[in-house]
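Below is one structure, written out as structure tokens, with a few remarks after it.
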Ligand code: TRP
């Protein structure tokens, strides 16, 4: 077997050993749980609806779905297969495969891009996670019951205007993430999530049900699914592509790390499709829950990052048992964000352990505290620094605060760049036999994937980049 000739026992071997007792299904399920735990998060419920609103709806959603199917899914398969082939942490997997095939170890770059992206993303992700923590209290204390759109909007603006409260909840969220990463108790949380994720799904369905009966559901459906290309700008296409990477947790070698735990006989294509379909389903449900409320209350679809916090609380305030459902919803949203946040911090901590020889606690503390401190810049850009646009003189970044810039730079530049490197690695650096053996697809399906990863994906990502720079 290919992984054993590196001379050390690997997790995938260990997993295969235990499969004999537990049966294959449980380890395939374990991978799907970890991967969906990482993929499904604030990207689906917070970010997807607000960027859809900002970019005019239908045409954006269509391009986003195309990006998931034609770019995201093939790259997810590439990440998983590199991880399983290498059988080690992403940096070492890439180095091992590259060395084994007599290729340059320069591919460690992919790991470095990932570590940087994880840092920057987690810093603001934790701030938004903090909003969710704050809304548990808001919903549970019954403050939302029977409120008007204005009152719900005021609750949100009060939160944004209060740096100390934001800092408190950002700290709580970051501490939750650091706790799990430091203790390495992922498995327990992932098992809990296998119950909580379906719970989140059910609550989203309840919110969609409410939106169907009380909101402007028809208008929302046509807003989301009737493409009007006159509303989609070039930068909208870049945002759609960037979000395909963000929402599927790609471009940061996270799926590569999880791939190293996947048993050899599990289909990479099928599991990747499962993860992508669940992830997309959650995002679309969130859109269907939110936009009917936007239209019924005369709110602005392009309201920005606060969109879900200005709409869902309104729905929970009006539906029967809304305080209960609202509280539960935000608790489950925290869990979804938590598992994603862990997958952002984990690669940084592993990198520190491997490269700097720190132990796990020290690595987690160091990385976590730096991330937390960077988060303060995002917090301030929501209030005291809200008019401060550091790169405002560049047309592309006009009016963008620090928070906007971090979001833009990571999702739309770093992650696609990481994904591009992964595609080139799988398509051009690895030997075709190795790739073909890992994927174990039928002939035509393999050729379709191979053509996509060698030509279509790199060209599409590069084209969107170049087009936006011009
Ligand atoms: N996919 C997560 C979300 O949608 C965010 C995330 C977690 C992520 N881990 C990642 C994004 C790694 C990019 C890379 O909320």
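Quick reminder: no glycine exception, Cβ is built from N, Cα and C everywhere.
Feature annotation from TrEMBL assigns transmembrane segment to 29-46 (among others).
The transmembrane segment annotation in TrEMBL covers 58-84 (among others). With a cut-off of 8 Å between Cβ atoms, the residues of this chain six or more beyond the transmembrane segment (58-84) that come close are 12, 48, 51-52, 90, 93-94, 97, 222-229, 231-232, 236-237, 239-241, 243-245, 247-248, 250-251, 253-260, 262, 264, 268-269, 271-273, 275-276, 280, 287, 419, 422-423, 425-427, 430, 435, 438-439, 449, 452-453, 456-457, 460-461.
Sequence-distant contacts of the transmembrane segment (105-128) (same chain, at least 6 residues past either end, Cβ-Cβ under 8 Å): 41-42, 46, 89-91, 94-95, 98-99, 166, 170, 173-174, 177, 246, 251-254, 305, 337, 340-341, 344-345, 347-348, 351, 367, 370-372, 374-375, 377-379, 382, 403, 406-407, 409-411, 414-415, 417-418, 421-422, 425, 429. Among the features that TrEMBL reports, transmembrane segment is placed at 105-128 (among others).
Annotated transmembrane segment per TrEMBL: 166-185 (among others), in sequence order.
Annotation source TrEMBL lists transmembrane segment at 192-212 (among others).
According to TrEMBL, the transmembrane segment annotation covers 232-261 (among others).
Per TrEMBL, the feature transmembrane segment maps to 273-295 (among others).
According to TrEMBL, the feature transmembrane segment maps to 324-345 (among others).
Per TrEMBL, transmembrane segment is recorded for 365-385 (among others). Within its own chain, the transmembrane segment (365-385) has Cβ neighbours under 8 Å at 119-120, 122-124, 126-127, 160-163, 166-167, 170-171, 174, 177-178, 181-182, 345, 348-349, 352, 358, 401-404, 406, counting only residues six or more beyond its boundaries.
As annotated by TrEMBL, transmembrane segment applies to 405-428 (among others).
Here the transmembrane segment (448-467) has Cβ contacts under 8 Å with residues 70-71, 74-75, 77-78, 234, 237-238, 241, 269, 413, 416, 419-420, 423-424, 426-428, 432, 435-436, 439, 441 of the same chain, all six or more residues outside its ends. Per TrEMBL, the feature transmembrane segment maps to 448-467 (among others).
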Distal contacts, the transmembrane segment (166-185) - CB-CB under 8 A, six or more residues away: 122, 126-127, 129-134, 159-160, 334, 337-338, 341-342, 344-346, 349, 360-361, 364-365, 368, 371-372, 375-376, 379, 382-383
Closest-packing stretch to the transmembrane segment (324-345), where packing means Cβ pairs under 8 Å, from 29-46, 192-212, 232-261, 405-428: 29-46
Ranked first among 192-212, 232-261, 405-428 for CB pairs under 8 angstroms with the transmembrane segment (29-46): 232-261
